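Notes follow the structure.
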Amino acid sequence: MIKRLILAIIFLVIVVGGLVGFNLFRSQAIKDFFANMQQPAQTVSTVTVEPGVWKPGVEAIGTANALNGVDLTVQLDGLVEKINFKANQEVKEGDVLLQMENSIQKADLAAAEAEAVLAQQNLKRADTLRTRGVGAVSNVDTTASAADAANARVEKMRATLAQKSVKAPFSGVIGISKVDLGQYLTPGTIIATLQNTDVMRIDFTVPEQSLSSMKLGQTVKVGSSADALDFTGTIVGIDPKIDPATRLVSVRAEVQNPDHKLTPGQFVQVRVELPEEENVIALPQTTIISSLYGDYVYAVRPEQKQEGAKAAEGENAAKAPAADAKPEEGQKQVAQQVFIKLGRRYSGLVEVTSGLKAGDIIITAGQNRLSPGVPVKIDNTVNPIPAGQPADKQ
């Protein structure tokens, strides 16, 4: 009985040991299989880091206004008799745009002119009598004063009559009429807006730290967006005072607007060009990945083979390629995470202040499929960012 029990226990131990050994062997075999399994190479596009020319600048948001632009108003009250313009019509300086009813002013002018003629006749008669010695000098002075007053009334009536019409103060494009025929207007009523948009005035503000960089005559780029700065002008005015509430400085520039693409009141992107800087490393913004640990890019490096034996690791450490080594022809290439520090941004490019050097190969497309150590295959035939673009556009 005891022998049977011992044999059963031995058999059970053998079975359990076999199962445990088989499971351990299977787990190790699976680990070895996945450890030795070659990951498929991911196709990526790359760009080679090349220091180039960087064009620094001060960027701001501004408002476009016409160099000459006004809201036309009437100076006297009255009824609208004629409207001599249509919306978006080009008018010339001096054109009569609106005529108000002026019959009373015409009558007043005619009466004033008649009085002026009579006053001149009285002055001439008094002067003749004085010359003959039968008239007093004081009478001549009185009639001369009356003639001057009559002439002044004529000029006043003419000015009043002129104020019954609205003329274009300068050439430009007139807007939509805000009045109708027969409408009674009061002084200050706006009839339309007149804008000359051949030259635009751009008003914007910059931080007080940038005030020292602002100079009269400095080149300014203007556009509807940061990627479309199609208009070039110059700074024509810098406010000598900093706003104590906002710590901003008002700056004014003028740009040519021959195609009238800029509209008064439009918000625009402004970039004040500063002197160029040499040997600056910059990358397309699309190559940079942000994380909780900082900004980084994927660089192409030669694969570093891992030695199985710990004793061999120290011996082969000197032979292992450096982190910034370039892959040799035929050598397996992998993606390596490189943390960088960023600086200024302009036109889709970002300045890299540390972490990279000239000649580094940076992945520009396909980063979403990568992780550190993943094999890569370079294919720049469909590269959205050609290799020379960053250096050329910096």
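Glycine is treated like the rest: Cβ placed from N, Cα and C.
Annotation comment: TrEMBL describes 69-189 as domain 'Multidrug resistance protein MdtA-like barrel-sandwich hybrid'.
According to TrEMBL, the coiled coil annotation covers 97-129. Remote same-chain partners of the coiled coil (97-129), defined as residues 6 or more beyond its termini with a Cβ less than 8 Å from a stretch Cβ, comprise 72, 74, 76, 78-85, 91, 135, 139-140, 142-144, 146-147, 149-151, 153-154, 156-158, 160-161, 164-168, 174, 179, 185, 191-192.
Annotation source TrEMBL lists domain 'CusB-like beta-barrel' at 203-273.
Sequence annotations record features per position, and here TrEMBL assigns region 'Disordered' to 307-330.
The compositional bias 'Low complexity' annotation in TrEMBL covers 314-324.
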Please list, for the domain 'CusB-like beta-barrel' (203-273), how many residues fall into helix, strand and coil according to DSSP.
6 helix, 34 strand, 31 coil
DSSP helix, strand and coil counts for the domain 'Multidrug resistance protein MdtA-like barrel-sandwich hybrid' (69-189)?
56 helix, 26 strand, 39 coil
Taking every residue in the domain 'CusB-like beta-barrel' (203-273), what is their average pLDDT?
93
